[in-house]
Structure formats: C-alpha cells, structure tokens
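**Student:** First the structure, then my questions, so here it is.
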Amino acid sequence: MGMPLKMKLQIKIHTILSYIIVSEVLTSCLYPKIEPSFLEKMILPILLIFSLLSSTSNAAVQDFCVADLASPDTPSGFACKKPAAVTVNDFVFSGLGAGGNTSNIIKAAVTPAFADKFAGVNGLGISMARLDLAVGGVIPMHTHPGGSEVLVVISGSICAGFISSSDNKVYFKSLKKGDIMVFPRGLLHFQINAGGTPALAFVSFSSERPGLQILDFALFANDLPSEIIEMTTFLDDAQVKKLKGVLGGTG
C-alpha cells in the first residue's frame, strides 16, 4: 500500500521549510548586517504551518459514511455504519425501477432515494428520486430547503417552473423527452403533466437529505386556524374550509 497523499504533502512541506530555514541561517551568518532577515519575517507563518500540520497529522481519511439506519436520524445525519459491516448492497438502490402509485389527489408519485432509504449516499451530498405523473398529474408548489434539483424527462411532456425569491419572477417551460431543467435550492417550483399520456422523470439533488415542503399541504393539511390562513392568503372562509376538507386539515 502506497504512502498516503497527506503524508507525502507533509514531507514535501517540511523539506521546503527546512531548506528555507537553513538558507536563511547561513545568510544571516555570512551577512549579519542585513536587517531584518527573511527568517524573522517568515517565522510566524512557518510556526503556523507546522501547527496546522501537527493538528491534522493524525486525522483519518474516510472514503464514505454509509448510514447506520438503526441509529437516530439527527439534523446532522445518520451515524456511519462500521466499515466491517458495509457491503456493496449499501451502494446500490433498486427502488426506482418500478412506477409509483398515482391513484391519489395529485395523480402523481415521488419515489425517493434519500439517505434514509439509500444508505450509501449518506454524507455524499447527492440523491435521486423518480417522478411519475399520470394524465392530469401535478406536483404542487413546493420547496427543497436542503438542496438544488435537476430534472430530466424520460417520457411524456412536463410543464415545470420555479419562482425567484428576489422579484417573484416565474421561469417555466414545457419539457419533452430528454430535456433537463434545474431548480435552485429553496425556491418554490412545480411540475405538471402537460400531455395526454403518463409522464416519467428522474430528478437528482445536491443533498442526500434535500427535504420537502409542499405549500398546499403546509397551509391546508394541518390544524392551522382558518382565520389565520384567511388573513395571510386573502382567501375567504368557504375556500379555506373546502381546501382543508380536501387535504385533511382541521381548525
């Protein structure tokens, strides 16, 4: 097994610094009237570099952190599975091969391959999902607070777009097979089946835990009092109660 890259780098830096120190000591002896010496100027940076090298010299290089799904799911992620328990199956996910169930109110299904289901992406800052849209299917306005999204259309036609946070400008387009669209992190966006046949897309995220908040469900699928919703959305009482009834909200 070859010498680790960090160790090679440390040796090279130590060697260079040694040459500098020896050279400047000899120069100071041969030409004592030269003031201030380069060594005096460089002594603090040299000490700082040696301090940083010594503080990290024992740090272990870790290739991956396969999620230990038996551990608590914390804001910082899952704990790492012990290396001896890691297998190739931790790096393979087969759940995106089958279509999701679109027999629901939005006529759509999202099948995620996030860290809580695909242990191998834990700590890597990447993940994927499958998006199935039946005819008339829609993914309502939603955000992913933890990461940006890239969508590629596999079949069908999808109208997709997002809204900027600076001036509420809308960017949307009807996408066809092979088209790719990016949705910046945290911005409200949507996908709608824009054709007469089912649509399929795959999406990737810049996080293994991108998160998801659907605006309609955030407003109408919980116990937030109707009066507050009416005041903050300018909807009338009948509309709010209707939406709460459809999405299962109370209050």
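Placed from the backbone N, Cα and C atoms, the Cβ positions cover glycine too.
Taken from TrEMBL, the feature Mn(2+) binding site applies to H142, H144, E149, H189. What TrEMBL lists as oxalate binding site is H144, E149. Positions annotated as disulfide bond by TrEMBL: C65-C80. Taken from TrEMBL, the feature domain 'Cupin type-1' applies to 94-241.
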**Student:** Non-local Cβ contacts of H142 (Mn(2+) binding site) (under 8 Å, 6 or more apart, same chain)?
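**Tutor:** Spatial neighbours, sequence-distant, of H142 (Mn(2+) binding site): L188, H189, F190, L212, Q213, I214, L215.
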**Student:** Quick one: pull the CA-CA distance for C65 (disulfide bond) versus H144 (Mn(2+) binding site), whole Å only.
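**Tutor:** A Cα-Cα distance of 23 Å.
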**Student:** Can you list, in sequence order, the residues of the same chain other than H142, H144, E149, H189 whose CB lies within 8 Å of the CB centroid of the Mn(2+) site?
**Tutor:** T143, F162, F183, L187, L188, P210, L212
**Student:** I'd like the number of other C-beta atoms within 10 A of the C-beta of E149 (Mn(2+) binding site), please.
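**Tutor:** There are 23 of them.
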**Student:** By DSSP, how many residues in the domain 'Cupin type-1' (94-241) are helix, how many strand, and how many coil?
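**Tutor:** Counts, helix then strand then coil: 22 helix, 56 strand, 70 coil.
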**Student:** If you average pLDDT over the domain 'Cupin type-1' (94-241), what do you get?
**Tutor:** 97
**Student:** With every protein chain in view, how many other Cβ atoms are within 10 Å of the Cβ of C80 (disulfide bond)?
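**Tutor:** Excluding its own Cβ, the number within 10 Å is 18.
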